[in-house]
Amino acid sequence: MAPWPELGDAQPNPDKYLEGAAGQQPTAPDKSKETNKTDNTEAPVTKIELLPSYSTATLIDEPTEVDDPWNLPTLQDSGIKWSERDTKGKILCFFQGIGRLILLLGFLYFFVCSLDILSSAFQLVGGKMAGQFFSNSSIMSNPLLGLVIGVLVTVLVQSSSTSTSIVVSMVSSSLLTVRAAIPIIMGANIGTSITNTIVALMQVGDRSEFRRAFAGATVHDFFNWLSVLVLLPVEVATHYLEIITQLIVESFHFKNGEDAPDLLKVITKPFTKLIVQLDKKVISQIAMNDEKAKNKSLVKIWCKTFTNKTQINVTVPSTANCTSPSLCWTDGIQNWTMKNVTYKENIAKCQHIFVNFHLPDLAVGTILLILSLLVLCGCLIMIVKILGSVLKGQVATVIKKTINTDFPFPFAWLTGYLAILVGAGMTFIVQSSSVFTSALTPLIGIGVITIERAYPLTLGSNIGTTTTAILAALASPGNALRSSLQIALCHFFFNISGILLWYPIPFTRLPIRMAKGLGNISAKYRWFAVFYLIIFFFLIPLTVFGLSLAGWRVLVGVGVPVVFIIILVLCLRLLQSRCPRVLPKKLQNWNFLPLWMRSLKPWDAVVSKFTGCFQMRCCCCCRVCCRACCLLCDCPKCCRCSKCCEDLEEAQEGQDVPVKAPETFDNITISREAQGEVPASDSKTECTAL
């Protein structure tokens, strides 16, 4: 065996094991002494010990640290520091900051306006259909059906305020009882959360941002769904919301007040009313079975009218049909009387784009729907870009610490409740929970606000939107004051009950965990986000609606097995994660099921093949179609062919393969070869030279 190579300028390490004959400690120190004796230089000559060559046969995988995808990203500031700028640069930077602030406020203004126009577009497309849902008051006595109708109507009109006002009108007209209206209010609470979920889809381009944004949006959905699943059976059994609100209304003598204050609408209404104006009374009239309203258009044409009452002579079949005996006479063979007639005279038309087009409501709604979605998407992209350029370095650190930091011990538990108050106050200012949560979604996506902090803010928005409804109820006329106030209070106490269920105790904050799980799935399979929207906001409510119309026997016969299977799967999943040993070996995992029943990979392949033929055409059309293609096919480079998805997957698989770390090689020569410092063919030469 050849002697070990000696390296200059190396110290022997006494802690290292040096291989010798028969596995004993070699006499390296003696050799070192001899070498030192023969060395003519005064500088000490040292050696490095090399571990045995056979030790390189077993390579050790270095454990890779997996970053938590929910950690907030560090927004690095790559620009020039303020202290390093000259006077001209500081002035230019100052005006750039002012310009970015103006642009941010401008895009935020158009973002809010696009949400308002989006709501109007949905009302034009599905407003009359929503009114017809309420027209059959006999089926509203079914609480489950009332819940589903509340969800569908609010999704169609994109406004919980509109659906709530319809319910108030029906209750004040004695077409609906408060008891039957409470499930509808619960459904409206669910339906209004679809808006910020749609907004989250606009951040689908970046996987990490989409994971956070979609989870931040759907935490609102899960809170509402879980609250309904628990509180609806409790309300049906005890009617506690109806009893509490009735006691409150009867205990206080409320008087009619002034109209609810318009805060944000004062700024947005001058612009939105130039686009379109709607006559929202038509939906309420359809809900109250007014046949004349079915032929009316929701697009408002005349904004200024004059109503005049006059008396005219009319003929009647007999004197018994006269309005009054003193106002009845006979002229030959005809009987005459005087009747009060109301004339409505149109004076001035409204000033908006569609006032003179005379298009059907569906056409106007479709146009506004497409345009509002384009503006919404564009504004959101620009808001994210501007925030990303502003919130960097020290600014981002200060903002994230201010928003996400808890109070010092022992008052840390108060931080979340303060966030609830902030969310309620901000929602009261903007007068819409959809606007507040939709504005919150991009901030969650870019990593300024954590999911844990966004959760109490969202709960506060639920409270804030009910306070606006209470103020609006206090401004109602005398005949509708009592019913509208009781319904608004039902909405308020429903959200308070939900907060008491899913917030005070940390382990009960299930919406956060469920939203994070859905965010992880949607980030990996981005088409699943659209699937979630369709299933939870359309297919499930429509299925329950159809089964309810078929009768309670059909509903129970189909619903009970489905609920039983869901509960069984959840219990089995809980046992698999907590104590799998109590289960049979076959049930300790889901491998006994076919792959398509336990994984989304087969479904992802089907969706990719289905969208592959449309991908190239979609990418060549426009940027908006390109984003839709990215959403469906999970492809961030959609301006290429469908092969880019496969390339991306191969690249990700290549990154997932554990790489042997150079430090784990036992032989330093092999380690240097792995690092590329020494070619493999020259390793022997280097050892000889040493």
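Don't overthink the numbers, they just go from 1 along the chain as shown.
Note: Cβ is positioned from N, Cα and C throughout, glycine not excepted.
It should be emphasised that the depicted structure is a prediction, and the values quoted were computed from it without experimental measurement.
Among the features that Swiss-Prot reports, compositional bias 'Basic and acidic residues' is placed at 30-40. The annotation disulfide bond is assigned in Swiss-Prot to C303-C350 on the grounds of similarity to another entry. Marked as N-linked glycosylation site by Swiss-Prot: N295, N308, N313, N321, N340. Annotation source Swiss-Prot lists region 'Disordered' at 1-42. Summarising the annotation, Swiss-Prot assigns topological domain 'Cytoplasmic' to 1-100, 157-212, 384-407, 507-525, 574-689. The topological domain 'Extracellular' annotation in Swiss-Prot covers 122-135, 234-362, 429-485, 547-552. Residues annotated as transmembrane segment in Swiss-Prot: 101-121, 136-156, 213-233, 363-383, 408-428, 486-506, 526-546, 553-573.
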Exercise. Would you kindly give the Cα-Cα distance separating N295 (N-linked glycosylation site) and N308 (N-linked glycosylation site), rounded to the nearest Å?
Key: 23
Quiz item: Rounded to the nearest angstrom, how far is the Cα of N340 (N-linked glycosylation site) from the Cα of N295 (N-linked glycosylation site)?
Solution: 25
Exercise. Please indicate, using numbers and ranges, the residues of the same chain that are 6 or more beyond the topological domain 'Extracellular' (547-552) and have a C-beta under 8 Å from a C-beta there.
Key: 139, 142, 144-145, 148, 558-559
Quiz item: Can you name the residues of this chain that are 6 or more positions from N313 (N-linked glycosylation site) yet have a C-beta less than 8 Å from its C-beta?
Solution: W336, T337, M338, K339
Practice problem: Around the Cβ of N340 (N-linked glycosylation site), how many other Cβ atoms lie within 10 Å? Please give the count over every shown protein chain. | Solution: 9
Quiz item: Out of 213-233, 363-383, 486-506, which stretch touches the transmembrane segment (526-546) the most, going by CB pairs under 8 Å?
Solution: 213-233
Quiz prompt | Long-range environment of the transmembrane segment (213-233) - Cβ separation under 8 angstroms, sequence gap at least 6 | solution = 143-144, 147, 183, 186-187, 189-190, 193-194, 196-197, 199-201, 203, 437, 440-442, 444-445, 449, 451, 454-455, 458-459, 461-462, 494-495, 497-498, 501-502, 510-512, 514-516, 518-519, 522-523, 529, 532, 536
Practice problem: Measure the Cβ-based neighbour count of C303 (disulfide bond), defined as the other Cβ atoms within 10 Å of its Cβ. | Solution: 16
Practice problem: Please spell out the DSSP helix, strand and coil residue counts for the topological domain 'Extracellular' (429-485). | Solution: 47 helix, 0 strand, 10 coil
Self-check item: Rounded inter-Cα distance in Å - N340 (N-linked glycosylation site), C303 (disulfide bond)
Solution: 25
Quiz item: Does DSSP give N313 (N-linked glycosylation site) helix, strand or coil?
Solution: strand
Quiz prompt | Maximum Cβ pairs under 8 Å to the transmembrane segment (101-121) - stretch from the list 136-156, 363-383, 486-506, 553-573 | solution = 363-383
Practice problem: May I ask you to report the DSSP-based helix, strand or coil state of C303 (disulfide bond)? | Solution: strand
